[in-house]
2 protein chains.
Amino acid sequence: MTLRVGELSESGLLARIFPLLDGSASVLLGPGDDAAVVAAPDGRMVVSIDTQVQDRDFRLQWANGYASTGYDVGWKAAAQNLSDINAMGAVASSLVVSLTLPETTPVSWAEGLTEGLNAAIRELGAADCSVAGGDLSGGSEIVVTVAVMGSLQGRKPVLRSGAQDGDTVALAGTVGHAAAGWAVLESEDDGGGGQLGDSGRFHDGRPDDGGDRPDVVALFCRPRPPLAAGPAAAIAGATAMLDISDGLIRDAGRLARASGVSLDLDRAALAQLARPLAGTAALLGADPMDWVLGGGEDHGLLATFPPGLPLPDGFTAIGSIVPGGRKIESVPPVTIAGIAADTVGWDHFAV
Amino acid sequence: MTLRVGELSESGLLARIFPLLDGSASVLLGPGDDAAVVAAPDGRMVVSIDTQVQDRDFRLQWANGYASTGYDVGWKAAAQNLSDINAMGAVASSLVVSLTLPETTPVSWAEGLTEGLNAAIRELGAADCSVAGGDLSGGSEIVVTVAVMGSLQGRKPVLRSGAQDGDTVALAGTVGHAAAGWAVLESEDDGGGGQLGDSGRFHDGRPDDGGDRPDVVALFCRPRPPLAAGPAAAIAGATAMLDISDGLIRDAGRLARASGVSLDLDRAALAQLARPLAGTAALLGADPMDWVLGGGEDHGLLATFPPGLPLPDGFTAIGSIVPGGRKIESVPPVTIAGIAADTVGWDHFAV
């Protein structure tokens, strides 16, 4: 018999969830009172909020038979919020979590979610961060909202709007891998012959129960934002930064427009980013460059640095800010080797 | 033609919402980047999160024909979160908001929600607070999550766990009014002859479009937590405090158990609290004491103060901590004139 959350009281469910969470030095007063208290050592707090909705952001059953486990959804909820703090050059200090769960949700799924949250914080290296509090509600579909707080450690936040003419454009982390994983999950089969792993098993959310998922599926389900890179970029003097959550071209466009500059991406660097995805793309009959240019949710960082500055660990140059580009009406915000990215057919870049 | 949110892009909807929001000195960097930056002047931040779900916490159409407008839902989302900060003796500095909306939601409903959030912040007196950021998602039902941050202004937080033997138990704000309003909304008729106001009109969420709602319905839809009272209690030396969101007896029990004390409520004081609800109760054939003892969501404050200390403005004594009560196994956490609250029939207290 599967125990469902509707069979427990709110306090009964909380009593199962709270012991699964680690504490941290940043959380001065944790769950249990009307509100928590979190340290903000430099007198400021960076804050963001992000939501995942069942059948929009994850599926309990994908077309190819895989399941998003509670552990996956918790991991992803933590990871995408931690990434927003990373993108400001800050270090996360706490999460508060609101879970809306149908009464039929297995208690083990909610426990898995909690373990996934906790594991992402730990394994991604957010050592000063823990869950400070939360809220539970009933609803007809699962909605997971996390608000995240972080510390700038005395530094200025790195905004989207600071890129300058001549800056180097650099990437930390991956792009396109999560999109490839999503394509595998949404494919009707697993690529034939089981090359894409063991499918069809319902995972109840334990950390060792990810199945034999291909790397790109694992990365879609449990993204790994490069949390050391954000503060490193800020310390190194990054002029602008954001995390790539909606695709390289779209997010590069946001940075370019916010900064009033034109951003050119390097064709060879993009080809290099597509290379590790070639095998999966071939199995699905897809173009890996579509994933590199349009895929979000790897939560890599796109940042700009003054020209000639050594890039901090984890960053690779993939383009530059076009000198004078902002002055020329006809230069679009994002180009690839000088050609407007939104008018370039992706197959120009097949590798 | 009603414009629906599904007809706008996310950025198109945000472009309609952001201009409706005021700023504040606490929000150092507002919406538009990966995260916001909020001032935390004393090096700590109080934080909480709370969710409202359609058909659980509000209805677009109640049994008696009233509608919860977007403005109501936004107001309530702000109010219940501001109340959690108030209950720590702190002052709110910012909200971050996540909206999950079906594609069919009228854009005017979402705009009304934004106006309601903003109006609650302003009209409840949270002068140092504004919305710092947010997130929009699609879903099959409306889910509104707000995370709130606040400043302790150098003071210690007032916890649930500090009540001492002999302390005075005091209330700020109201109890039972929201429960009475809920009972009106869930009643099949409006009490006969229209005494309970004009019903059946769909409100599109504008501030002046609350209809001729009776006061208790207005208070259920737009609660008015006493935001000056929390910091005043902390300054005056309150030993314990929480906001009454789940009912006086239940929340008094939480305070008593957290503090390891026994809390006795005064029968005459309770009768006094029930008096303003007698008219509505008579119309519905209900007992107003049920609402006073069991009703939540007015978001009044329950606090304890050392005996003999003058109570701060807005607080009224309604009981005391029983000296030695924690030592006696047979004394329950909450009593009314010495009788265990959970074994007392409410009709003992009919007024």
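Quick reminder: no glycine exception, Cβ is built from N, Cα and C everywhere.
Where the annotation comes from TrEMBL, it is an automatic prediction and has not been curated.
Per TrEMBL, domain 'PurM-like N-terminal' is recorded for A:32-150.
Under DSSP, A:Asp84 (Mg(2+) 3 binding site) is assigned to a helix (H, G or I) in the three-state scheme. Marked as Mg(2+) 3 binding site by TrEMBL: A:Asp34, A:Asp84, A:Asp243.
Annotated Mg(2+) 4 binding site per TrEMBL: A:Asp34, A:Ser48, A:Asp84, in sequence order. Secondary structure from DSSP puts A:Ser48 (Mg(2+) 4 binding site) in a beta strand. Under 8 Å, Cβ to Cβ, and six or more positions away along its own chain, A:Ser48 (Mg(2+) 4 binding site) finds A:Asn81, A:Asp84, A:Ile85, A:Ala147, A:Val148.
The feature Mg(2+) 2 binding site is assigned by TrEMBL to A:Asp50, A:Asp84. Packing around A:Asp50 (Mg(2+) 2 binding site) is summarised by its Cβ count: 24 other Cβ atoms lie within 10 angstroms of its Cβ, all protein chains included.
Per TrEMBL, Mg(2+) 1 binding site is recorded for A:Asp50, A:Asp135. Listed in sequence order, the residues of the same chain lying 6 or more apart from A:Asp135 (Mg(2+) 1 binding site) and placing their CB within less than 8 Å of its CB are A:Val96, A:Val97, A:Ser98, A:Leu99.
Of all the Cβ atoms in the protein chains shown, 21 others lie within 10 Å of the Cβ of A:Asp57 (substrate binding site). For the recorded site, A:Asp57 (substrate binding site), the DSSP three-state label reads coil. What TrEMBL lists as substrate binding site is A:Asp57, A:Glu297, A:Trp346.
Under the heading ATP binding site, TrEMBL lists A:Gly134, A:Asp135, A:Arg160, A:Ser245. According to its DSSP assignment, A:Ser245 (ATP binding site) is coil.
Summarising the annotation, TrEMBL assigns region 'Disordered' to A:189-209.
For A:200-209, the entry in TrEMBL reads compositional bias 'Basic and acidic residues'.
Residues annotated as Mg(2+) 5 binding site in TrEMBL: A:Asp246.
Rounded to the nearest whole angstrom, the C-alpha distance between A:Arg160 (ATP binding site) and A:Asp246 (Mg(2+) 5 binding site) is 15. With every protein chain in view, the residue among the binding-site residues A:Asp84, A:Gly134, A:Ser245, A:Glu297 whose Cβ has the most Cβ partners within 10 Å turns out to be A:Asp84. Less than 8 angstroms from a Cβ of chain B: among the binding-site residues A:Asp135, A:Asp246, A:Glu297, that describes A:Asp135.
Summarised by DSSP class, the composition of the domain 'PurM-like N-terminal' (A:32-150) is 34 helix, 46 strand, 39 coil. For the pair A:Asp57 (substrate binding site) and A:Asp246 (Mg(2+) 5 binding site), the Cα-Cα distance reads 13 Å.
Between the C-alpha atoms of A:Glu297 (substrate binding site) and A:Ser245 (ATP binding site), the distance comes to 5 Å.
Of all Cβ atoms in the protein chains displayed, 16 besides its own lie within 10 Å of the Cβ of A:Asp246 (Mg(2+) 5 binding site). All chains included, 29 other C-beta atoms sit within 10 angstroms of the C-beta of A:Asp243 (Mg(2+) 3 binding site).
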